[in-house]
Amino acid sequence: MEGGLHWEPEPWGPPGSSLASVLKELPSAATIRYRGPGVLPWGSLEEEEEKDGGRSIQAFAGASQMEQETHPSRELPWPMQARRVHRKNQAGQHGAYSSQSRVGHWARLLTRGQEKMKAGLRGLQPWAWTVKRIGGQFGGGTKSYFSLLRFLLLLNVLASVLVACMVLLPTWLQGTPPGPPGPNASSSCGSYSPHASGLASFASQLFNLLSGEGYLEWSPLFYGFYPARGYLGVTYLCSVFASGLLCLLLILRRSVSGLKQTLLAESGALTSYSHRVFSAWDFGLSGAVHVRLRQRNILYELQVELEEAEVRRRAKARTLGQQARVWLVRGLLNLLVMALLGAAFYGVYWVTEETGRLQEKPLVQQAPLLQLVVSYVPSIFLSTVNVVLPPVFNLIGQLEGYTRSHQIVLILIRTVFLRLASLLVLLFSLWSQITCGGNAQAPECKDCGYNYKELPCWETRVGQEMYKLLLFDLLISLAFALLFQFPRKIFCGLCPGPLGRWAGTLEFQVPDEVLGLIYAQTVVWVGSFFCPLLPLLNTAKFVLLFYLKKLTLFSTCSPAARTFRASMASFFFPLILLLGLVLSAVPVLYSIFLIQPSKLCGPFRGKESIWAQIPESIRTLPRTAQNFFFFLGSQAFAVPLLLISSILMAYTVALANSYGRLISELRRQIETEARNKVFLAQRAVALGSENRPL
C-alpha cells in the first residue's frame with residue numbers, strides 16, 4: 001500500500017549521535033558480557049555490523065576468551081548453550097593437560113559415577129509422576145504435602161531396615177526367644193503374665209488387636225518380648241540411636257536445601273514476575289501433558305505473588321489508627337489461642353488420669369468391649385482436640401490480616417504446638433503413673449524404682465499407648481474420607497445448580513494434613529524404642545494414606561482459591577519435623593537414663609538403668625578399646641571438642657556476616673543501576689519522540 005505510513009529512522013539527539021551510540025552509553029550496555037560469547041552489543045545496526053563487525057567480534061571474543069580462562073562455566077552468567085560450549089572447551093583442555101595423569105582420570109570416573117548414581121536414585125523415587133501431576137493441577141502447596149509424605153516414607157523404611165538388622169536378626173540368631181512368664185512366676189517386683197488363660201472369644205481377639213494386649217503383648221511388636229542375652233541390649237540401643245541420627249541428618253539436609261529457595265524467594269533479590277516469566281520455563285519438556293503441568297505451576301506461582309503483593313499494599317496504606325486497631329485485634333486473638341491451648345492440655349491430662357481410675361473398676365474389667373472403649377478414651381480425646389481446634393486456628397488466622405504464606409506459618413506453629421504438647425502431656429501423665437509422681441519413696445516404687453504393681457512391664461505399656469495412637473489416627477483418616485468426603489461429593493453431585501457445586505467443592509487443607517503427618521511421625525519416634533516394629537507399621541500406614549489422599553484429592557477436591565509459596569513449605573515443613581524429632585527425644589532419653597527398666601521383661605531386665613548396659617559391654621572389650629571409649633566420654637575429650645566447635649561456629653558467623661554485608665552492598669548497587677537505566681531509557685524515549693516525526 002503506497003499511501004501507508006512509512007517510518008524512517010532519522011538522527012536525533014546531539015549532532016553526530018545515533019541510536020546505537022546512545023544505547024551504548026546506557027548502563028545496561030556494560031552487562032553485555034552476561035550474554036555469552038558471540039553476541040553483539042545491543043543497539044548495533046546491520047550496517048554497522050557489516051562495516052566493523054569483524055573488529056567488534058574479535059574484541060569481544062578476546063574478552064570472552066579471557067573470561068573463559070579465569071572463571072568456571074557455572075560462575076559465568078551466560079545462556080545455557082554458551083555454558084555448554086564453554087564446559088566442553090574446558091573439558092577438552094583439561095583432558096589435553098591431564099591425559100597423562102591417573103589422578104585426573106580417576107577423578108573424572110568418580111564424577112561420572114556420582115552423576116549416574118544421583119540419576120539412578122532420582123529414578124527410584126516412588127510416585128514421581130503422580131507428585132508432578134498434583135503440583136501442576138493443585139499447586140506447589142498441595143504438592144509439598146505429598147513430597148513430605150514420600151520423604152517420611154523413606155525415613156520409616158530406613159528405620160525398619162535398621163530394626164530388622166540390629167534387633168530382629170540377632171534375636172533369632174541366638175536361638176528361639178523364651179516364652180512369656182508363667183502365671184506362677186513371681187519375684188520381689190511382683191508377677192507378670194501377659195497371656196490370658198482359656199479360650200479367647202472373638203470380642204477378646206478384636207480387643208487384643210486394637211489395644212495391643214493379649215497375644216500381641218508378648219510378640220516382636222513390643223519391648224517386653226526381647227530376651228536379656230548376649231549383646232542384644234547393645235544392638236537394641238544402637239538401633240534406636242542410629243535411627244534417630246539418620247533421621248536428623250536427612251531432615252537437616254532437606255531443610256538446608258529448602259532454606260536456599262526460601263531465602264531467595266523472601267529476600268526480594270530477584271524481581272518475582274520477570275524471574276518467573278523469563279527464567280521459570282523448562283525448555284527440555286516434551287509432550288503436551290508436561291507442558292500444561294508446567295504452565296499451571298507458573299500460574300500458581302504468579303497467583304501467590306499477586307495475592308501477597310496486594311496484602312502488602314493494603315498494609316502500607318493503613319493509617320496509624322488502623323495499624324493500632326489491627327495489632328489490638330491480633331493481641332486479643334492470640335490470647336484466645338492461648339486459652340484454647342491451655343484448656344486442651346488440661347483436658348488431656350484429666351482424661352488420662354480418669355482413664356486409669358476407670359480401668360480399675362470391676363464393671364469395666366468384666367466387659368471386654370467396655371474395657372476397649374475405656375482404654376481408647378485418651379486417644380479419642382486427643383484426636384478430637386486435634387480435629388476440632390485446627391479449623392478454629394484457621395479462622396483466627398484469616399482474621400489477623402497476614403499474607404497467605406504468613407497465615408500458613410502461624411497456623412502450623414499453633415497446631416504443631418497443640419498436637420505435640422498434647423502428646424507430651426499424655427506422656428507426662430503416663431510417666432507420673434510409672435514413677436509414682438516422681439516420688440521414689442512411695443510404697444509402690446520403693447522396692448523396684450517404678451510402679452510394679454500397676455505396670456509390671458511399663459515399657460510395653462508405653463508402646464501400647466503409641467500403638468493405639470497410631471492405629472486410631474489411621475482409623476480416623478479412613479472414616480473421614482469414606483464416611484464424610486466421598487458421601488458429600490456424591491450427595492452434592494445429585495443436587496443441581498450452584499448450591500450443589502458450592503457444597504460439593506472441597507479444598508485440600510495443606511496445614512492440617514501436614515500436621516497430621518508430623519504428629520504421626522512424632523508418635524512413631526516416641527514409640528519406636530518401646531515398640532520396635534512401629535516404623536514398619538507406619539510404613540504400611542503411609543503407603544495406604546498416600547493412595548487414600550490421592551483418591552480424595554482428585555475425586556472430591558478442587559484447586560485452592562488461595563495458595564502459598566512452595567519454597568516456604570520446602571523449608572518450614574522439615575523445620576517443624578525437626579522440632580517433632582527433638583521433642584520425641586526427650587521422653588526416650590529420660591527413660592533410658594533415669595528410669596529403672598522392668599525386672600520381668602525386656603533385654604535390660606535386672607539393670608540399674610537401660611544405659612548401664614553400655615558401660616558393662618565396654619568393660620568386656622580389650623583394654624585399648626576400653627580406654628578409647630572411656631576417653632570419648634571424659635572431659636579431656638569433651639572440653640577441647642567444645643572449644644573447637646565454638647571457634648568454628650564463631651568463624652562461620654563472622655563469615656556469614658561479611659557475606660551479608662557484601663550482598664547488601666551489591667543489592668544497593670543493583671538498585672542504583674536499575675534507577676539509572678530507567679532514567680536513561682525515559683530520556684532516550686523522550687528525545688526520540690521529539691526528533692522522529694512519522
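Placed from the backbone N, Cα and C atoms, the Cβ positions cover glycine too.
Fair warning: this is a prediction, and the values are worked out from it, not measured in the lab.
As written in TrEMBL, here are the features:
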type: TRANSMEM; residues: 151-173; note: transmembrane segment
type: TRANSMEM; residues: 230-252; note: transmembrane segment
type: TRANSMEM; residues: 327-349; note: transmembrane segment
type: TRANSMEM; residues: 369-396; note: transmembrane segment
type: TRANSMEM; residues: 408-431; note: transmembrane segment
type: DOMAIN; residues: 457-567; note: domain 'TMC'
type: TRANSMEM; residues: 523-548; note: transmembrane segment
type: TRANSMEM; residues: 568-595; note: transmembrane segment
type: TRANSMEM; residues: 628-651; note: transmembrane segment
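The stretches the transmembrane segment (327-349) and the transmembrane segment (628-651) are not in mutual contact, being linked by fewer than three Cβ pairs under 8 Å (pairs 6 or more apart in sequence). Among residues of the same chain six or more beyond the transmembrane segment (369-396), those with a C-beta under 8 A of the stretch's C-beta atoms are 203, 206-207, 210-211, 333, 336-337, 340, 344, 347-348, 351-352, 354-355, 358-359, 363, 410-411, 414-415, 418-419, 422-423, 426, 465, 468-469, 472-473, 476, 509, 511-512, 515-516, 519. For the domain 'TMC' (457-567), the model's average pLDDT works out to 81. In terms of DSSP secondary structure, the domain 'TMC' (457-567) contains 86 helix, 4 strand, 21 coil.
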